[in-house]
Structure formats: structure tokens, C-alpha cells
Amino acid sequence: MLVAALLCALCCGLLAASARAGYSEDRCSWRGSGLTQEPGSVGQLTLDCTEGAIEWLYPAGALRLTLGGSDPGTRPSIVCLRPTRPFAGAQVFAERMAGNLELLLAEGQGLAGGRCMRWGPRERRALFLQATPHRDISRRVAAFQFELHEDQRAEMSPQAQGFGVDGACRPCSDAELLLTACTSDFVIHGTIHGVVHDMELQESVITVVATRVIRQTLPLFQEGSSEGRGQASVRTLLRCGVRPGPGSFLFMGWSRFGEAWLGCAPRFQEFSRVYSAALAAHLNPCEVALD
């Protein structure tokens, strides 16, 4: 029994040492291999930064990843994940209250877009990476970027939870338009100058000309250009089929990994109608300066 206990402790120590060896110097990222991990074991990782990357080669067993240090914050926070290559060999879940798990990245997910979710106050910022079983030993890599930031908003719009996931091309309802206008990182009244399609990333890049910057929390549009208008790129899924067209729109969305991602883009007159009706009925969640 003593020998078995010593062997078990030695194995656990080797697993912990192997995990520690994969950290980057600033402990913001980790790279390691499942070939050194015992089947059925769970490696423990802690990354101290709010931005970083994970690369898990030949996934085996599972990893538990704590983000932003070991202490949970007192404010809600949003975590976003994006594959850095076709995601293979594992699934990524977010830990929720009472030990529940929420799927964020599934095996086979391509490079297009990613997924975000919101942790409440005092929820531990932890991800659970679980290897998926395969009969062969071909090279598989589960690699993704992450970003974590505090969120002071009362609630998270459904459009903010996924950038490049199923439902991203669905038109926003009236209620979603109003909520997105209040919670998004940018609200821009403008026109479509052009659209470029990236076949490799399966994304469309929309060049937006701003008539008016209503709100932005990131330096997306630089006001005061020579023409008095700013241009910026906003991304969406290729399969959404965005094309250049006439008319003015209200572009609303979020900053993800330093890029602007589209949430809702109603025609400006349509949003004005929805907002005016909500204002008259005292149902507007916030004030939007359209004039």
C-alpha cells in the first residue's frame, strides 16, 4: 500500500511539473502535450493574465484552467474564446455554479468566429478542457485564444454571446435591437462602403463609413478625418451573405480580440421607428441619442 501511494504521489507530481513546464514566461499562455498525461487524469493550470492562448497537443484526459488568477472577482466578467486553428481532439466548457458545465468550443469547430459567456460575481473563472476519445493516434491540436474582462452591464445581449456562431445571421428582434443599442461596444450610424470576403477564415469584412458615432468603447472610428467622416472594418460570418447596398444603417456590435464584430445592423429608419415606439411606451432600456 505504501509503495502504491508513493507511486501515485510521484505520478501527480510529474503531471503538475509537466503542466508547469508549458507556461509562457509571463504565465499568460500555456503549451503542452497529452502524451505525458495519465488517461483519466485532470491537469491543473492557472493563467494570471486576462489575455492569452492555449495549445494542447495530442489531448488526453482533461485540463482545468483558471483564468485571471486564482481568486474570483467581485464583478461579473465575460470570457471569449476563439480557435487559432481548426479545433481537434477536445471540447472546452466553462464552469458554472453548482459544478455545471457550459459548452464553449466543440471538436471540429473551424476558425470562423468564437464564443463568449458571462460569469456572475464570485463565480470562479475556470474552463474545463476534456479530450475526446479517438481510436487512432494521429496528431490533433486543441488551440485557442482567450480574453477576459469585467462587465458592468446589467445583462448580456444574446448577440454578444457568439461572434461567428449559429444564429449570427438571424435578424435581430425589436427587443434585441433595443438591448444591443444599450449594451454593445459601438453604435454607429453609417453606410456600407464595401465588403471583402475572406474564404480562409470564412468571414466577411465590411468597410463602414460613419455618418455619426453615437457611442464606442474602443477606438474604432477616428472622427475628424479630412472628409469629416471615419471608416472602419466590421466583421461578420461569410455565410451571412453581406453585400454592399444603398441606404444608411445603425451598426452595433462588440470588440473581440481587437476586432469589431457585428451584432445587429438595422436600417436607420427601422431602428428609429422601434426606438420611438419603445420611448412612447416607456419601455426603452436606455436613451439613444439619434438626433
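Along the chain as shown, the residues are counted starting at 1.
Glycine is treated like the rest: Cβ placed from N, Cα and C.
Small disclaimer: the values here were computed from a predicted structure and weren't measured.
Taken from Swiss-Prot, the feature signal peptide covers 1-21.
In the structure as shown, the Cβ atom of Cys28 (disulfide bond) sits within 10 Å of 15 other Cβ atoms. According to DSSP, Cys28 (disulfide bond) is assigned to coil rather than to any helix or strand. Look at Swiss-Prot and you will find Cys28-Cys49 (among others) tagged as disulfide bond.
The Cβ of Cys116 (disulfide bond) has 22 other Cβ atoms within 10 Å, all protein chains considered. Annotated disulfide bond per Swiss-Prot: Cys80-Cys116 (among others), in sequence order.
Under the DSSP three-state reduction, Cys240 (disulfide bond) is assigned to helix. The annotation disulfide bond is assigned in Swiss-Prot to Cys169-Cys240 (among others) on the grounds of sequence analysis.
The DSSP secondary structure for Cys264 (disulfide bond) is strand. Marked as disulfide bond by Swiss-Prot: Cys172-Cys264 (among others).
Other Cβ atoms within 10 Å of the Cβ of Cys182 (disulfide bond), summed over all protein chains shown, number 19. According to Swiss-Prot, the disulfide bond annotation covers Cys182-Cys286 (among others).
Checked against Cys169 (disulfide bond), the disulfide-bonded residues Cys28, Cys49, Cys116, Cys182, Cys286 differ in C-alpha distance, with Cys116 being the nearest. Here the CA atom of Cys240 (disulfide bond) lies 13 Å from the CA atom of Cys172 (disulfide bond). Separation of the C-alpha atoms of Cys49 (disulfide bond) and Cys80 (disulfide bond): 14 Å, rounded to the nearest whole number.
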